[in-house]
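Database features, via Swiss-Prot:
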- 1-24: signal peptide (SIGNAL)
- Cys54-Cys67: disulfide bond (DISULFID)
- Cys61-Cys72: disulfide bond (DISULFID)
- Cys66-Cys79: disulfide bond (DISULFID)
Amino acid sequence: MVNMKASMFLTFAGLVLLFVVCYAPESEEKEFPKEMLSSIFAVDNDFKQEERDCAGYMRECKEKLCCSGYVCSSRWKWCVLPAPWRR
């Protein structure tokens, strides 16, 4: 009984997929989902990480100095929060 339900679900899902593929015969209509996804996942310039002269938390501190509030870990060479046991 469960196997029959699964096969019916897969058949129905296949028919829905076939309908979606055949529904947009023109290339302009096929581009709509791509445009929608690209607009949803577009990265705005305001949200991009900016280059700094210092390294932030968990960044390599080999070439760059750590930003204020962080110290360079002597073991891992990452910028970490200062703590009494890390001095």
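The first residue you see is number 1, and the count goes up from there.
Note: Cβ is positioned from N, Cα and C throughout, glycine not excepted.
What you see is a predicted model, and the numbers here were worked out from it, not measured in a lab.
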Alpha-carbon spacing, Cys79 (disulfide bond) to Cys61 (disulfide bond), which is rounded to whole Å: 6
Residues that sit under 8 angstroms from Cys72 (disulfide bond) by C-beta distance, when 6+ apart in the chain: Cys61, Leu65, Cys66, Trp78, Cys79, Val80
Disulfide-bonded residues (Cys54, Cys66, Cys67), the one with most neighbouring Cβ atoms at 10 Å: Cys66
Cys72 (disulfide bond) in three-state DSSP notation: strand
